[in-house]
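**Student:** Sharing the features that TrEMBL gives for it:
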type	residues	note
ACT_SITE	A:Lys96	active site, schiff-base intermediate with DXP
BINDING	A:Gly157, A:Ala183, A:Gly184, A:Ala205, A:Thr206	1-deoxy-D-xylulose 5-phosphate binding site
DOMAIN	A:6-248	domain 'Thiazole synthase ThiG'
Amino acid sequence: MDDLIIAGEKFSSRLIMGTGGAPSLEVLDQALAASGTEMTTVAMRRLDPDARGSVLDLLRRRDIEVLPNTAGCFTAGEAVLTARLAREALGTPWVKLEVIADERTLLPDPIETFDAAERLVADGFVVLPYIGDDPALARRLEQAGCAAVMPLGAPIGSGLGIRNPHNIELIVEAASVPVILDAGIGTASDAALAMELGCDAVLLATAVTRAQRPDLMATAMREAVTAGRLARQAGRIPRRRYAEASSPMTP
Amino acid sequence: MIVMINGTAHEVIDGTTVAQAVSTLTAATTGVAVAVNDEVVTRSAWETTALSDSDRVEVLTAVQGG
């Protein structure tokens, strides 16, 4: 499979993992190893002196790049501060920008997200914004200097797959930066579809961490992303209403 | 004076620094970031930044999520 390049950095895996939802660090560790991921996203929270083990140590041991996110932020101001704290704590200017509109849907707030993206780009961040499947917003964020766009397939943790494949295709067609399908993936066929639609990578967490067997699902996702990418590059046959014989009809 | 450290009120002596506030929670100095009243205080300034009464100190680290 060809390399994924984001902001000049090369990745041979096109599966970016999240860390939410894992029942333990041990389960997460096994799942990350099986997924083959080279970049994994983490949240920033108040330090808990009683916490056992650290997700950072785990990522360091596995030599997986850390992508801090701004999960839990509802305003541009909160997201900008969280990104700056992440840069300070983790020494990376990369950020998965996530500004949520409300707790029931966890859908991204486009206005706050755009505002935060402009401020973070101006501050030297490599910004990967999580957005709805909105081609116009994706284009505006690219113009604002974002290093990638991350449209959702369906709401976070819903496992509903890709609800509007047409919009994902429109985003892909217009984008000059990588398109990373983020959120909504339920099973391997969803991840393969994202890649077949032309996405450059897939980001998922819950589909793996809350599967009955996370390590096995991580392997499935790894192979689905590879299969989808290869199918995209191979160029699928056109859909037809009627049969087309693949061998001569006359003896 | 009273300062808030991760949402909990602490009675501290005048002149308490950011570094001392962090040390109430952890001995770690990497993988941790601090904001005082919503402004980041870089690691290199922890020792020299004194807190004032009612300051809100947030000490963050990376956790599973997102």
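Backbone N, Cα and C define each Cβ position, glycine as well.
Help me see these features in their spatial surroundings.
**Tutor:** The Cβ of A:Lys96 (active site, schiff-base intermediate with DXP) has 27 other Cβ atoms within 10 Å, all protein chains considered. In the three-state DSSP classification, A:Lys96 (active site, schiff-base intermediate with DXP) falls within a strand.
In the three-state DSSP scheme, A:Ala205 (1-deoxy-D-xylulose 5-phosphate binding site) falls into the coil class. Around the Cβ of A:Ala205 (1-deoxy-D-xylulose 5-phosphate binding site), the same chain contributes A:Met17, A:Gly18, A:Thr19, A:Gly20, A:Gly21, A:Thr41, each under 8 angstroms and 6 or more positions distant in sequence.
Summarised as a single figure, the pLDDT of the domain 'Thiazole synthase ThiG' (A:6-248) averages 96.
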**Student:** Need the DSSP three-state call for A:Gly157 (1-deoxy-D-xylulose 5-phosphate binding site) to compare against my parser.
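**Tutor:** Assignment for A:Gly157 (1-deoxy-D-xylulose 5-phosphate binding site) reads coil.
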**Student:** Counting all other Cβ atoms within 10 Å across every protein chain shown, which of the binding-site residues A:Gly157, A:Ala183, A:Gly184, A:Thr206 scores highest?
**Tutor:** A:Ala183
**Student:** Listing the binding-site residues A:Gly157, A:Ala183, A:Gly184, A:Thr206, which lie under 8 Å (Cβ to Cβ) from chain B?
**Tutor:** none
**Student:** Taking the mean position of the Cβ atoms of A:Gly157, A:Ala183, A:Gly184, A:Ala205, A:Thr206 as the 1-deoxy-D-xylulose 5-phosphate site, which residues outside that list, in the same chain, have a Cβ no more than 8 Å away, listed in sequence order?
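**Tutor:** The answer, listed by sequence position, is A:Gly18, A:Gly20, A:Pro155, A:Ile156, A:Ser158, A:Gly159, A:Ile185, A:Leu204, A:Ala207.
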**Student:** Helix, strand or coil for A:Gly184 (1-deoxy-D-xylulose 5-phosphate binding site)? Use DSSP.
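**Tutor:** Where A:Gly184 (1-deoxy-D-xylulose 5-phosphate binding site) sits, the three-state DSSP reduction gives coil.
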**Student:** Measuring Cα to Cα, how many Å separate A:Thr206 (1-deoxy-D-xylulose 5-phosphate binding site) from A:Lys96 (active site, schiff-base intermediate with DXP)?
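**Tutor:** Rounded to the nearest whole number, the Cα-Cα distance is 17 Å.
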